[in-house]
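Trainee: What follows is a single structure, and I will ask about it in a moment.
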Amino acid sequence: MKVLALDTSNQPLSVAVMKDHQVLATTTVTTTKKHAAHLLPIINASMKAAQFEPEDLDRVIVADGPGSYTGIRVSVTAAKTLAETLHIELVGVSSLATIAANVPVEGQLVAVLFDGRNDNVFAGVYRIKNGAPENVIADQHIAFEKLLPQIKKLGEPVVVLGDLAAFKTRLDSQLKEHFISYPQENSLPSAVQLGRLGESLKPVTDINAFVPRYLRLTKAEADWQRQHPKEDNRDYVEKV
Amino acid sequence: MERNLILAFESSCDETSVSVVENGSKILSNIVATQIKSHQRFGGVVPEVASRHHIEQITDCIDLAMSKAGVGYSDLNAVAVTYGPGLVGALLIGVTAAKTVAYAHHLPLIPVNHMAGHIYAARYVKPIEFPSLALLVSGGHTELVYLAAPGKFEIIGETRDDAAGEAYDKIGRVLGINYPAGKEVDRLAHLGKDTFNFPRAMDDSESFDFSFSGLKSAFINTVHHADQIGETLNREDLAASFQAAVVDVLADKTVRALDAYPQVKQLILAGGVAANQGLRERLTAELQAFDSVEFVKAPLKLCGDNAAMIGAEAYVEYQQQHFGKLDLNADPSLEFDFMA
């Protein structure tokens, strides 16, 4: 299977071209803030390096969130447009699971945190099973202070990856010897891990309906739903 | 003539649109998914909500545009996209999708200025003749643009504060009319009389610039003052007075520009507010005095945001080989040059 994997869900941008689990080309850039400008040129260069034409692809795999809303939309838009217009398969993988997959230790608990501001995190906790992360605590947007006791309750050593700056002190004092930190590069998303996870997943059945997993409503939408609990909140867009 | 087919994208605000255009002059398909109902819940466009709707819609719109036009990717000559001005998150969906189609199907990419697209909606009425003058009036822009030659757009005057459409929405709110208020204010205006004599800002100045915030404030103050003394004002007359002031300023500046540029062959009226009946009627009357100027109004159906207008302008850029690269980014504050 010929695969293109894309992740622009946070500051790093990562692209990989793979064939039957073998990496043919991969690029990860941590310095760009312009994912929209750089994603297609990097896809183009990676595909050329792998000597693939777009129509050679069998599957596109995309890290579909959580993460920066604008960031995830860049690669999800590219991925769904490639898949729909080339009639190839599309697979979405959690951006948190993609990072958890950096840990190659079977049975290990791994927590991944993205800073969601105001002491909130986008987070998921996984156990590495048959080489792939499986959710132990579902991916969610949650106050860090609510998540921490849940991790503590697991009562096992846990590798914590992601944006740790604001949380390290509390992880240390609460989890004590159960808090395992890895060198920083293990918190970088790798499209190679993404591709590896996505190769064995089932493709989405409705590519047009595929959207990022934001894990959080916009403020406007959340306020509106609170004020209108009974309204059906779909069908707001109509083709005219 | 060889058949040229352009797949065009538009996602700068609250409409996701994809269109297939033949030779810049024939619409084979023009799919428009509008989010108005969604943003009406909030009284105006919420950018993050808009971006989320665009990504829900984008590939479905591509499929529909291609199938309705009855063409395949190998039939296309180019992909075109609005890259600004507009909401950055919204623009990025169209830009990313267009670049992806260009890459995946080996097609050149044509970046299009959204405002140039609005002007080229008039191309579906008749070919544009140069030099030409365009009055562009929308929710985000109010400008007079001089078109010396195909693909050349220069601003000779623009709003110094609110756009005309923005003023409509703001006074519409005061009248209890939900966004977008233009159509309803226009309807009310036709039932009332200009009794309030609101100010015509900058109307006696030499420049071709517009200003609408003074008018908006005068309107709001008048209504608030009446509220305070327990008086109810006639809504039709309020709407008529507001619209008369807007139309006076737009028409006077346009006439002055036509006087200043006597070589102009056409006056093009375009943009969302170009659908306003009061404005259309007034400019039609004013143009009686200009024998050599043809009045070309963008079709009502194409005044709002749509990709067909982008495809029409893109054909001009295609002929001039103005192609973009895969690193094209959205430019939310893109604007035409000012005339030197």
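Every residue gets a Cβ built from N, Cα and C, even glycine.
Keep in mind the model is a prediction, meaning the values are calculated, not measured.
As annotated in TrEMBL:
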BINDING   B:HIS114, B:HIS118, B:ASP305  Fe cation binding site
BINDING   B:LEU136, B:VAL137, B:SER138, B:GLY139, B:GLY140, B:ASP169, B:GLY182, B:ASP186, B:ASN276  substrate binding site
DOMAIN    B:26-311  domain 'Gcp-like'
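Just tell me what is around each of these and how deep it sits.
Mentor: Applying an 8 A CB threshold to same-chain residues 6+ apart, the list for B:ASP305 (Fe cation binding site) reads B:GLU10, B:SER12, B:CYS13, B:ASP14, B:GLU15, B:SER17, B:VAL32, B:HIS114, B:GLY272. DSSP assigns B:ASP305 (Fe cation binding site) to coil in the three-state reduction, outside any helix or strand.
In the three-state DSSP classification, B:ASN276 (substrate binding site) falls within coil. All protein chains considered, the CB of B:ASN276 (substrate binding site) has 26 other CB atoms within 10 Å.
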Trainee: Over the domain 'Gcp-like' (B:26-311), work out the mean pLDDT and round it to an integer.
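Mentor: PLDDT averaged over the stretch: 95.
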Trainee: Sequence gap of 6 or more, C-beta under 8 Å: which same-chain residues meet both conditions with respect to B:GLY140 (substrate binding site)?
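Mentor: Same-chain residues close to B:GLY140 (substrate binding site) (Cβ under 8 Å, separated by 6 or more) are B:CYS13, B:PRO85, B:GLY86, B:ALA163, B:GLY165, B:GLU166.
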Trainee: From the Cα of B:LEU136 (substrate binding site) across to the Cα of B:HIS118 (Fe cation binding site), what is the distance in angstrom?
Mentor: 8
Trainee: If you count CB neighbours within 10 Å, which one among the binding-site residues B:HIS114, B:HIS118 has the smallest count?
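Mentor: Lowest Cβ count within 10 Å among the binding-site residues (B:HIS114, B:HIS118) is B:HIS114.
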Trainee: DSSP three-state call for B:SER138 (substrate binding site): helix, strand or coil?
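Mentor: SS state of B:SER138 (substrate binding site) = coil.
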Trainee: Taking the centroid of the Cβ atoms of B:HIS114, B:HIS118, B:ASP305 (Fe cation site), which other same-chain residues have Cβ within 8 Å of it?
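Mentor: Other same-chain residues near the Fe cation site: B:GLU10, B:SER12, B:THR82, B:GLY86, B:MET115, B:GLY117, B:SER138, B:GLY271, B:ASN306, B:MET309, B:ILE310.
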